[in-house]
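Chemist: Copying in the features that TrEMBL gives for the protein in this structure:
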REPEAT    100-134  repeat 'PPR'
REPEAT    197-227  repeat 'PPR'
REPEAT    228-262  repeat 'PPR'
REPEAT    329-363  repeat 'PPR'
REPEAT    466-500  repeat 'PPR'
DOMAIN    544-636  domain 'DYW'
Amino acid sequence: MSSAILFTAPPLPTPSINRSTLSFTAAASSASNFPPTPDKLAILLDKSNSIHHLLQIHAALLRHGLHQHHILNFKLQRSYSSQGRLDYSLALFNRTRNPNIFFYTSIINAHALHGLSQEALFIYTQMLYEGVQPNEFTFSSILKSCSLEHGKMLHSQVIKLGFDSDLYVQTGLVDVYARGGDVGSARLVFERMPEKSLVSLTTMLTCYAKHGELKEARLLFDGMVKKDVVCWNVMIDGYAQHGMPNEALVLFRRMLAAKARPNEITILAVLSACGQLGALESGRWLHSYVDNNGIRVNVRLATALIDMYSKCGSLEDARLVFDKIYDKDVVAWNSMIIGYALHGFSHDAIELFNEMCRMGLRPTDITFIGVLGACGHAGLVEKGWSFFNAMRDEYEIEPKIEHYGCMVNLLGRGGRLEEAYELVKNMKVEPDPILWGALLGACRLHGNLELGEKIAEYLVSHNLANSGTYILLSNMYAAKGNWEEVARIRTLMKDSGVRKEPGCSSIEVNNRVHEFLAGDLKHPKTEEIYRMLEEMNGWLKAHGYTPQTEIVLHDIGDEQKEQSLEVHSEKLALAYGLISTQPGTPIKIVKNLRVCSDCHAATKLISKITSRKIVMRDRNRFHHFVNGSCSCGDYW
């Protein structure tokens, strides 16, 4: 453990007294104006609120021989720490003769609050070496920033010295285990606490929420008699961060009903949930709430609004927020660039990148994910290579797995499969299943069964195969009519315990998100939805549309294939949108998987027939359907 900090702290300056500005002179002086008493100096130290005043008081201590006065010395040390001058505090501590447990605990606590856990542990070790016995405050201080490994060692000392029943020490131990990801040990310490404060409850709640144990978190949350804004934030953010955005929005509404006042952290979590759901109405309401309740829209919050509007299909609103940011940082630029890329407006994304560079901002690795993604959505292969090479050569950013993924997608979708395969084989980082999946998807798109089999065989043999691997390979065989291989792959998939992710589409109507699975019959308006589906099929046939039954990769008849296409989740969501919104208003749909070519073609035609703008976000990008055309140019 390093001890450097104890011996390299800057020397404590010898302050000089400026009698014209000394704030304590009047209060400290008696009839003779000399000398100030320790009691009066102690009061002045407690009231001091600037480093300037502390230096003046310190000068008085030195001048009047009070610099070794234990109480004054302790207060001065603690005051320097509270004013952010840990160097002064440490230098003063090192000059203190025979520091007691209060001195040690104060300096340990100061280091822990600054995240200097190694240094705090060294001082703790020094304290033990000097024969000074720790107390409960020492342990609760040092546990604030220590690692799980050191926390376990300290836990054994806590038990040995009999402080394991102290509320503050127990809360500190729960926090150590929670930060270290040891949920089981955190739970064990927590459940043994005879008394649970709001802090300890919040600590355990944070532990559960952070590590995805949301059922346990919600049980604890619902059982809390008193909830402050931090508790609400932890639970809402837990839902948002672990793929349960609907639950996050429901809980946020409950928070408002309970008259709890949201803060910036709440807003950020709820904006994330809105973005995941594509809940534009809810996101706009939240933006209005921010404006009407005096919540300052700083760069961080503005960036979250840009991200939300982009993911909810309104680039116009995203750009309005972006243009209003006075002092944009690179994160704000990245968010807008990625927004354009997500919607397929690749040239706008690239132009914004160029503008950012002209403004003197240096791109980050996230910036290049945005521009490479933009190139991928437009098939700009050479431009993509140019950006990829510039990362390393011009900006000295080493490509990560995400950048290679963008390039594989760009090359694969452009039909340059061998080039993409060579790139993957020669990567400096180990390719993951997602990267291989992108290449396998390109093989499926271009019908390259030979390369697809080679990749799938590699993934299966190295235990890297996931549901997408099996499904893509099965679909490739099905497209060739090789039903025996399809059956073999599906059996292999079943034996491996891999399950296909079901297609799910959602649509927001009147601030409520409605979700549909393929062939769904659970919605309260199912009969009306299916009547609208029949009407939609009639419109399509009247305009000469033929269902793309060749994409149904099952060994069934054409009529059954048509029926399966008719009840895809995005068509159910579209039907519900048509019966639930006013004619002429845009319809926005979010799908968890890539939209199929039949639904894509049908939606284009329905946008023309109904004179509606239909915006659909699938797993990869946005599609803006207007008057029979799509913004993707049928390249997705």
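Note that Cβ sites are derived from N, Cα and C of the backbone, with glycine treated the same way.
Looking at the shown structure, can you explain where the listed features end up?
Modeler: Confidence over the repeat 'PPR' (100-134), given as mean pLDDT on the 0 to 100 scale, stands at 88.
Long-range Cβ contacts of the repeat 'PPR' (197-227) within its own chain (Cβ-Cβ under 8 Å, at least 6 residues beyond either end) map to 167, 170-171, 174-175, 177-178, 181, 183, 186-187, 190, 234-235, 237-239, 241-242, 244, 247, 258, 260.
Among residues of the same chain six or more beyond the repeat 'PPR' (228-262), those with a C-beta under 8 A of the stretch's C-beta atoms are 198, 201-202, 205-206, 208-210, 212, 214, 217-218, 221, 268-270, 272-274, 276-277, 279, 282, 289, 295, 513, 515.
Look at the repeat 'PPR' (466-500): DSSP puts its residues at 26 helix, 0 strand, 9 coil.
Residue counts for the domain 'DYW' (544-636) under DSSP (helix as H, G, I; strand as E, B; rest coil) come to 38 helix, 16 strand, 39 coil.
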Chemist: Could you tell me how many residues in the repeat 'PPR' (228-262) are helical, how many are strand and how many are coil under DSSP?
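Modeler: Final tally across the stretch: 26 helix, 0 strand, 9 coil.
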